[in-house]
Amino acid sequence: MGRGKIEIKRIENSTNRQVTFSKRRNGIIKKAREISVLCESEIAIVVFSSLGKMSEFCSPNTSLPKMLEKYQQHSGKKLWDAKHENLSAEIDRIKRENDNMQIELRRLKGEDLNSLNPRELIPIEEALQNGVTSVRAKQMEFLKMLKLNGELLEEENKKLSYLLHHQQLAMDANQSGCHQRETRYASEIQMP
């Protein structure tokens with residue numbers, strides 16, 4: 001025995017309204033999925049709850065943007081103004097540019113080179129040669145700095161050795177001077 005008909009009007013209780021919305025939304029999506037499979041039709045459903053939560057369903061092998069584009073072509077209605085179409089075209093252009101840059105980066109890293117012909121390899125070879133030249137120049141600059149630092153350290157070492165030698169001589173002279181005085185004093189004491 002089925003349920004009796006209910007009056008179609010707004011449900012006042014918010015909890016009951018949410019539960020009913022959820023059940024009916026799931027039912028609509030289930031029916032859309034069934035008709036999509038049974039009849040090989042393309043279906044798109046977008047539902048917004050009273051709280052603003054969005055639910056969507058698209059048939060397999062399609063997407064909502066494709067369905068909206070198809071709707072726009074068949075109905076003759078413009079869903080997007082020129083500004084939005086320009087933005088969409090700009091986004092597509094930037095995506096293509098990004099993809100090309102990623103491909104170029106992979107190629108510079110040495111990946112995906114087998115699919116290139118010799119003419120396409122020439123700019124990559126030139127970029128690599130420029131990179132090697134730049135690295136060598138930096139390496140030579142670094143080696144020159146190391147050599148200069150080594151020379152400065154050697155010069156400093158010579159100066160310190162010279163100072164140490166003179167201090168050692170001065171200390172030796174002081175010690176021998178003290179020793180001579182002690183010897184003279186000792187001989188003077190023994191003379192009487």
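Cβ atoms here come from the backbone N, Cα and C positions, even for glycine.
Predicted automatically and left uncurated, TrEMBL annotations should be read as such.
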Ranges in play 77-111, 147-181, with TrEMBL marking coiled coil at 77-111
DSSP-wise, what's the residue breakdown of the domain 'K-box' (84-170) into helix, strand and coil? 78 helix, 0 strand, 9 coil
